[in-house]
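Okay, structure first, notes after.
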Amino acid sequence: MNTDRYTVKASEALNDAISLAEAENHGQVEEEHLLHALLSQKDGIISPLIEKIGAKPDFLYDELLQCLRRKPRVTGPAAQTRCAPTLSKACARAERLALKNQDEYVSCEHLLLAISETDSNTARLLHSQGITSKTISAALKDIRGSKRVTSQDPESTFQCLEKYCRDLTTLAREEKIDPVIGRDEEIRRVMQVLSRRTKNNPVLIGEPGVGKTAIVEGLARRIVSGDVPESLKGKRLLSLDLGALVAGAKFRGEFEERLKAVIEAVQKSDGGVILFIDELHTLVGAGASEGSMDASNLLKPALARGELRSIGATTLNEYRKYIEKDAALERRFQQVYCVQPTVEDTIAILRGLQEKYEVHHGVRIKDEALVAATVLSDRYITNRFLPDKAIDLVDEAASRLKMEIESQPVELDQVERKILQLNIEKASLLKESDPASKERLEKLEKELAGFLERRAAMQVQWQNEKGRIEESRRYKEELERLRIEETMFSREGDLNKAAELRYGKIPELEKKIMLLTAEVEKKSGLEGQLLREEVCEEDIAKIISMWTGIPVSKMMASEQQKYLQLESVLMQRVVGQDEAVRVISDAIRRNKAGLSDTRRPLGSFLCVGPTGVGKTELARTLADFLFNDERALTRIDMSEYMEKHAISRLIGAPPGYVGYDEGGQLTEAVRRRPYSVLLFDEVEKAHQDVFNIFLQILDDGRLTDGQGRVVDFRNTIIIMTSNIGSEHILSARESRTHTSDLPVPETQSTEEQTLPEQIRGLLHTYFRPEFLNRIDEVLIFKRLTRKHIRLITDIQLQMVVERLESRHIKLRVRDAAKAYLAERGYDDTFGARPLKRAIQTELENALAREILSGRFRGGSTIVVDMCKDALCFTEQTS
């Protein structure tokens with residue numbers, strides 16, 4: 001027996017047979033051992049062959065085990081396992097059969113044929129199941145066709161379409177493919193190309209997520225329903241699984257052999273099979289090593305002659321990177337562009353998929369949720385494409401609601417925690433014997449009984465609601481199953497059964513679902529539901545917030561009031577700049593009300609004024625208000641961009657330069673936090689060419705970084721600060737604010753009236769007109785007066801108070817001390833910054849010495865007052 005002439009699977013079967021005989025201590029390796037090994041092979045051809053004949057491989061396997069158990073065992077040092085003469089004859093016969101069939105190698109089917117032709121118990125067992133040489137040969141012809149065994153792994157080329165492809169038409173017939181809404185133009189174009197005589201190979205090109213694969217699935221559904229031209233009726237649409245083709249191809253040439261078998265099978269179908277190759281670019285280079293042919297080169301001849309009809313799908317970037325470089329491959333495919341559907345089309349697609357997702361998750365999805373998913377994803381998720389991102393939103397929102405239904409309700413959880421707390425207290429009181437404890441125990445037991453009763457009622461209500469939701473889900477699943485059956489009966493022409501379902505069972509089930517839904521809504525109005533089963537607009541907004549960090553949750557009445565009072569919130573930290581605060585507040589309100597231009601940033605402002613008047617503080621306060629986090633402020637010091645080449649630090653270095661993969665400081669910050677406040681400090685210090693990148697940001701709300709990615713700035717607030725015109729502002733008459741405790745000036749000096757024009761004139765000398773023209777507002781920050789400094793003193797001292805509270809020390813500052821600090825910290829030129837230094841020097845330094853000396857400890861209340869010409873500290877006694 002020359003095992004070199006055996007295939008890999010046949011050699012494995014012989015080795016497994018020997019191992020089995022040795023393990024069972026059998027003296028000889030016989031046909032039973034070999035047949036057992038052949039049936040045990042996972043990816044072998046024998047089990048499918050026996051099934052094709054009509055016998056049961058499992059039954060044969062069990063019978064063989066019984067036979068092997070009855071065989072005598074040989075033990076002892078002299079025991080050896082030999083090959084039985086009958087098995088040697090069977091192997092020799094298998095070799096003769098291989099030569100007779102002009103096969104180069106002995107395969108597993110030759111061994112089975114040889115065993116069936118022997119005069120042994122194994123052959124008789126096979127014959128009893130109808131497995132004879134004739135039935136084996138007939139079944140083998142169906143599986144193998146006219147192929148010869150020319151390699152040591154022929155099994156990989158048998159039934160290759162079933163192994164390496166998914167039958168989309170079968171899936172469509174079984175309604176296992178989601179419905180495809182719209183895309184009629186693209187499907188018609190694909191059918192048009194497929195109907196050509198040569199080069200009948202369309203390739204779908206589009207951005208990821210626009211629905212390229214869905215178009216092919218739509219074509220499969222049309223083929224099944226017969227809504228296609230005559231040339232495509234009855235065709236099979238198979239999706240090639242390139243991963244399965246490559247997997248397990250250990251030796252050189254195995255991959256090419258498998259792919260060749262697929263191509264030949266498609267060619268032999270005489271146009272009956274259309275091959276769909278998803279991610280077409282993966283063919284280029286697949287299987288190639290050391291200059292050997294790759295998959296795309298194997299496909300080219302068949303594609304050019306029109307013998308292989310295929311549909312490709314790939315993204316624009318991959319098509320340009322891989323397919324366009326291979327001109328010979330590119331010309332064999334006809335391009336079909338798939339554009340992103342509009343918002344209206346996406347809403348229609350979601351409405352078509354709505355029922356599928358409702359059945360899967362067991363919840364109801366409101367129409368407003370579908371509209372919100374489309375509109376909000378289009379507005380806020382800019383790095384992905386419709387309809388994919390909208391479908392994902394609905395799917396995750398429904399999944400989140402399903403988890404809430406299956407988890408214990410919050411109200412019930414709170415009652416459980418309260419009961420646990422009361423039980424702990426009760427256990428503690430039982431140890432006490434004083435009258436007060438006994439009285440408290442009586443009250444506690446009554447309270448505990450009330451909570452236990454409430455918990456029992458809530459648990460019953462929860463189980464009832466869960467039961468109703470589960471019942472509704474079962475009804476919907478049954479309804480979907482009946483609809484699939486009705487479609488299949490209609491397609492097969494069994495109109496009686498189709499009519500029975502359409503006019504009998506389906507309407508009856510729809511009525512049950514309607515009554516159950518009405519009952520749920522009625523009960524929710526009366527007793528207040530513990531569980532929600534409807535996905536609404538608010539759920540979609542929460543998922544958007546989780547994905548992007550953008551607070552787009554629906555504005556409640558309290559939140560609306562919060563934005564109406566925005567000025568007063570900002571003025572608590574930004575003093576004396578009423579006009580600037582009002583303008584920025586109006587911009588935020590316009591955005592929240594949905595009135596702002598969605599193609600531009602939320603607001604872009606140039607703040608000019610002297611140092612220390614609140615320009616940077618306004619940006620910090622705004623970030624804190626919008627996100628409850630000052631870290632949402634991205635601050636870029638423009639004095640670092642005084643050279644022309646420094647622009648690459650903002651948007652990232654171009655290809656070929658050091659740092660290309662790192663990205664830009666500005667673009668990366670916005671990509672990670674798309675909803676943020678951008679502060680460009682001291683803009684006049686940057687190089688003039690740096691401002692060119694602002695033109696695109698301010699006008700279109702977008703910027704392309706060094707790697708070609710488009711970064712969205714539409715959800716940012718851009719604040720630029722500058723000290724231009726500071727000398728004019730300082731020389732103007734003391735400005736006054738419109739706060740309640742400060743009088744409104746009746747007249748303005750000539751300098752104050754001409755100040756805005758002077759500032760604008762100076763800005764035109766520093767910045768180009770196209771830059772200034774794109775800014776929403778130029779905010780002139782006025783210099784701070786003594787009264788303003790007095791108000792800022794309160795704000796700064798409050799920060800000191802909060803810092804001391806962490807050490808459990810209270811601080812009270814008298815008015816005289818505040819007035820002293822305000823006077824020491826007032827500087828007409830430097831704004832509020834000297835005040836901070838004065839508080840550090842006069843108050844914090846002295847206070848630190850007192851605390852470290854041990855004079856004041858935790859729990860103390862320190863009073864700060866004036867003693868002669870300096871601050872003094874005393875401890876307040878209760």
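Just so it is clear, glycine is given a Cβ too, placed from its N, Cα and C backbone atoms.
As recorded in Swiss-Prot, the features of this protein are as follows:
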type    : residues                                                       : note
BINDING : GLY206, GLU207, PRO208, GLY209, VAL210, GLY211, LYS212, THR213 : ATP 1 binding site
BINDING : GLY609, PRO610, THR611, GLY612, VAL613, GLY614, LYS615, THR616 : ATP 2 binding site
COILED  : 391-525                                                        : coiled coil
DOMAIN  : 3-146                                                          : domain 'Clp R'
REGION  : 559-783                                                        : region 'NBD2'
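Here the candidates are the binding-site residues GLY609, VAL613, LYS615. The one whose C-alpha lies nearest to that of GLY206 (ATP 1 binding site) is LYS615. Same-chain residues that are not part of GLY609, PRO610, THR611, GLY612, VAL613, GLY614, LYS615, THR616 yet have a Cβ within 8 Å of the Cβ center of the ATP 2 site turn out to be GLU617, THR721, PHE781, GLY831, ALA832. A Cβ within 8 Å of the Cβ centre of GLY206, GLU207, PRO208, GLY209, VAL210, GLY211, LYS212, THR213, the residues given for ATP 1, is found for these other residues of the same chain: ALA214, THR315, CYS338, GLN340, PHE385, ASP388. The Cβ neighbour count for GLY206 (ATP 1 binding site), using a 10 Å radius over every protein chain in view, is 21. Straight-line distance linking the Cα atoms of THR213 (ATP 1 binding site) and THR616 (ATP 2 binding site), rounded to a whole number, equals 50 Å. Sequence-distant contacts of THR616 (ATP 2 binding site), defined as residues of its own chain at least six apart whose C-beta falls under 8 angstroms from its C-beta, comprise ARG635, LEU679, ASP681, THR721. Applying DSSP to the domain 'Clp R' (3-146) sorts its residues as follows: 96 helix, 6 strand, 42 coil.
Put simply, LYS615 is the one of the binding-site residues THR611, VAL613, GLY614, LYS615 whose Cα lies nearest to the Cα of PRO208 (ATP 1 binding site). In this structure, PRO208 is the one among the binding-site residues PRO208, GLY209, GLY211, GLY609, GLY612 with the smallest number of other Cβ atoms inside 10 Å of its Cβ.
The binding-site residues PRO610, GLY614 differ in how many other CB atoms lie within 10 Å of their CB, and the one with the most is GLY614.
Each of the binding-site residues LYS212, LYS615 was scored by the other Cβ atoms within 10 Å of its Cβ; the lowest score goes to LYS212. Secondary structure at GLY206 (ATP 1 binding site), as computed by DSSP, is coil.
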